[in-house]
Amino acid sequence: MIRFITIPDFADYQVTLKLMEDYVNKVISDHEPEIIYLVEHLEVYTAGTNYKQEELLNYGDIPVIYTGRGGKFTFHGPGQRVIYPILNLASPNRHKDLKLYIKMLEEWIINSLNYFGIKAYIIKDKVGIWVKVRKDEFAKIAAIGVRVRKWVTYHGVAINISTDLSKFSGIIPCGLENSLVTSLNQLGIHVEMSEFDKIIQTEFNKIFK
């Protein structure tokens, strides 16, 4: 059984990044067990390896961190559950297949949202998890950006629970101009973070056996 570790309070992004990277090194060199960090960050904009500077619009006094994960700009802050799985894809019960790993992440989050009555989708050529908000119009509810070192995964998924969605106006989220973002709260689903965490742990064990 993989251990889920909840980081208390609001976590500084750079401190958490170092925590992840240090543990990845331990998994690689010392064969430490797989773990998953559950985090709620202080406000921060992060840029993945495919970012374009013009996609950073008006960040005000919110810090901007340039990371090594895949993807473009996104926002992290209170009310958002960020999940950092540190999994060894080279282990006998996993697969050395990054596309399969991302597909499993998507299925995991879609199933977790479905528990709360939210029908979520993946959309071709648009990374992340989406929900239909109006006829033929979708909004992103979860962002995905991962990195792998020697087949050990880090970074992960950010799901908007009760996030201040106005903060996304400081960027072009994930490089998708005019795209909408949403949250469980905005969809009328009010859930405590601890309750959400229980469901994602249950659903994880169904997908990542």
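Yeah, the Cβs are placed from backbone N, Cα and C, and that goes for glycine too.
Annotation comment: Swiss-Prot describes CYS174 as active site, acyl-thioester intermediate, evidence class sequence analysis.
Feature annotation from Swiss-Prot assigns substrate binding site to ARG69, GLY70, GLY71, LYS72, PHE73, THR74, PHE75, HIS76, ALA143, ILE144, GLY145, GLY156, VAL157, ALA158. In the three-state DSSP reading, PHE73 (substrate binding site) counts as strand.
Positions annotated as domain 'BPL/LPL catalytic' by Swiss-Prot: 30-209.
Annotation source Swiss-Prot lists site 'Lowers pKa of active site Cys' at LYS140. In the three-state DSSP scheme, LYS140 (site 'Lowers pKa of active site Cys') falls into the strand class.
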Neighbour count, 10 Å Cβ-Cβ cut-off, for PHE75 (substrate binding site): what number do you get?
26
For each of ALA143, VAL157, count the other CB atoms within 10 A of its CB; which of these binding-site residues has the top count?
ALA143
Could you check what DSSP calls VAL157 (substrate binding site) once collapsed to helix, strand or coil?
strand
Drop a 10 Å sphere on every Cβ of the recorded positions ARG69, LYS140 and tell me which sphere holds the fewest other Cβ atoms.
ARG69
Quick one: give me the count of other CB atoms within 10 A of the CB of GLY145 (substrate binding site).
24
